[in-house]
Amino acid sequence: MTDNNGKVRPFGIKDKLGYMFGDFGNDFTFLLSAMFLLKFYTDVMGVSAALVGLMMMAARFVDAITDVTMGQIVDRSRPGKKGKFAPWLRRMCGPVALASFLMYATWFKDMPMGFKIFWMFFTYLLWGSICYTGINIPYGSMASAISDNPTDRTSLSNWRTIGATLAQTAIGVVLPLVVYYTDEAGNSVLSGQKMMLGALVCSIGAVICYMLCYKMTTERVKVGQNTQKFSFGELIKELAHNRSLIGIIVCALVFLLAQLSLSNMNAYIYPNYFGNIKAMSIASLSGTIVILLLSTFITKLASKIGKKELSVIGCIISAASFITLFIIHTHNVWIWIALIIIATIGTSMFNMVIWAMITDVIDESEVQNGVRQDGTIYSVYSFARKLGQACSSGLAGVLLSIVGYTTATAFDPKVIDGIYNVTCLMPAAGMTLLLLALIFLYPLNKKRVEANAAKLKEIRAAKEQQ
């Protein structure tokens, strides 16, 4: 976007807000799936938790193809008037919203189980492997085109997390108060009809947010069309020799295992173990407040001590909180929420800078290879995130089946104790593994990131003078 003098508008609050709306739109469908899809299919559609979990894991094999393919399509696309990445938001916002809504259709509740399983697989693949891939990879890649300044990118990562937090507030605070009802036995039960209407509202919200992102952001860094022929062998070679990419992939996978396993299990621990749906909304709102408070100074903190260094501290805080919850095995929901808030502080210290870390990885790759591959690298990273999402949902589904969860046993004492243990141990394991990955695998500390940024600035300045 240019002003009346033909100059590109400087990076500022409009870009930050616009990029924030992009992830607001993403998480209107992504977090909805993470928090409610497993619960919807087990409690409303009557599908076993293990089967739903295995379906989510199986879909990731499809993503191995579609994510990398979309990354190549984006890299090979020609920049237009609005840039290289933003046009994809306008193209794909409608399809991703529609596909998300169809996953929660209750029209087939009384159909044979075989058809319900087919519909579950079909709509989940349509949403996650095709439509969400088609919009999320260009959106994520766009950050490196909005600004080449590391501080600006950290700011974009921060605002992206704020967008996700606002979506989490809408989904985690409001929806539980709307989509559950109390049955004759006094148990909190998910309403399929209300869930479908909630999904419709989220889909409409997603389209609005994507269009705001499209209108408000400006791509300043010229990313040309990559005409190099794609080679799967070269991609594997890149993975094998790019330690920073391997590190961020492992970090994304285990972090999503921790974060989304908690999101999945929230739909079980509050209504089934604590018997308190309102506490679920309060916990989500408390998490939102924590993240918004952190967002006021996280960019300065990350710039001062480094993104990797800050993330290590956060992992220690979060893992310790979940381990403490497992040891005390509390029945007091307010003690639970207090420790979850502390854990949220820790996870947010990583989550609020992760998107800036992937742009650091893209810079590292360009320094090493001389070729910038925003879309391809981001697509590999996106696949790792989806794999983490699938593993969390898949493992949660399998473990729920192991502890004996069905609609008939949902409130049995032995089953709800199993729910508590799963809710503590999965995030604790994920955050511990993330800590180890950051220390031993991910090499981009503060000093190296700043050196890469300076080198790329020199290279681009030299090209402009030619």
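For all residues, glycine too, the Cβ spot is worked out from N, Cα and C.
Of the listed segments 45-68, 117-140, TrEMBL assigns transmembrane segment to 117-140.
The stretches the transmembrane segment (161-182) and the transmembrane segment (334-358) are in mutual contact, each linked to the other by at least three Cβ pairs under 8 Å (pairs 6 or more apart in sequence).
Where the transmembrane segment (419-442) meets the stretches 117-140, 194-213, 310-328, 334-358, 387-407, the count of C-beta pairs under 8 angstroms peaks at 310-328.
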